[in-house]
Amino acid sequence: MKHIINLYESINSTARNNSDCPPVVLPEEIFFTISIVGVLENLMVLLTVIKNKNLQSPMYFFICSLAISDMLGSLYKILENILIMFRNMGYLEPQGSFETTADDVVDSLFILSLLGSICSLSVIAADRYITIFHALRYHRIVTPRRALVVLMVIWTCCMGSGITIVTFSHHVPTVIAFTALFPLMLAFILCLYLHMFLLARSHARRTSTLPRANMRGAVTLTVLLGVFIFCWAPFVLHVLLMTFCPADPYCACYMSLFQVNGVLIMCNAVIDPFIYAFRSPELRDAFKKMTFCNRYQ
């Protein structure tokens, strides 16, 4: 985010005096390349689900929601690089009204990516829970129409929250609320997953009728959650350290990895589509059909 980056730069000189760790600077080409790959991969996921009626089910709607979140995270960095390029070429007035508005829009994409990912993973976890323990009633409980309504509500709330966070991002309470949302939502997901696997283990001992496909889906989404935590947690920790101990030498040493944490966020969007394809035979086959059909047309 622009506001976080500006705050980081304002305290960087002070922190550097208290730490022997120089900031790690990565070429912008790395960010741009990873972002382009992330956008293309997740766009392919969306197109695959749209073009295949067999994949147009609630589960894949929720996966598309996560793909959109990942794509927004990659798109954020692409647009930011374009704005920086235009500013360096003199087409944008530094700190002008247009640049400020454009930065706010780009920052909103970044926040929307994080909020959308957390909410998408939450609804996927709930979907897997219903699939495993209410399999006979699943298609009556989770209909495509209800799934779309839930996603519309989620994304409306995420957009409103994203705009609010960007508008008041200079205030410490906003930063605290933003960073607190991450562990709270993840705690909910982890509790749901823990309850789900404990019940699955109990059911497996009593009966052997627990569908393997449903458990396979739960394992897949557990992997997605693990990758999400690995890629986003360093950035959230960076924001907390920057807010509460910017001058501490140990905090400053960790904050020197700011750009590395940014690369991890970009990598999340690249890794997720590989997890979909590796764990889902239906989606993998649809990928192959769409790729080869387009190649030979």
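Including glycine, each Cβ sits where the backbone N, Cα and C put it.
Listed in TrEMBL for this protein:
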{"type": "TRANSMEM", "residues": "30-50", "note": "transmembrane segment"}
{"type": "DOMAIN", "residues": "41-276", "note": "domain 'G-protein coupled receptors family 1 profile'"}
{"type": "TRANSMEM", "residues": "59-79", "note": "transmembrane segment"}
{"type": "TRANSMEM", "residues": "108-126", "note": "transmembrane segment"}
{"type": "TRANSMEM", "residues": "147-169", "note": "transmembrane segment"}
{"type": "TRANSMEM", "residues": "175-200", "note": "transmembrane segment"}
{"type": "TRANSMEM", "residues": "221-244", "note": "transmembrane segment"}
{"type": "TRANSMEM", "residues": "256-278", "note": "transmembrane segment"}
Are there at least 3 C-beta pairs under 8 angstroms linking the transmembrane segment (59-79) and the transmembrane segment (256-278), leaving out pairs fewer than 6 apart in sequence?
yes
As a test: from 30-50, 108-126, 147-169, 175-200, pick the stretch that has the greatest number of Cβ pairs under 8 Å with the transmembrane segment (221-244).
175-200
Quick check for me: are there 3+ Cβ pairs below 8 Å between the transmembrane segment (108-126) and the transmembrane segment (30-50), leaving out pairs under 6 residues apart?
no
PLDDT averaged over the residues of the domain 'G-protein coupled receptors family 1 profile' (41-276):
81
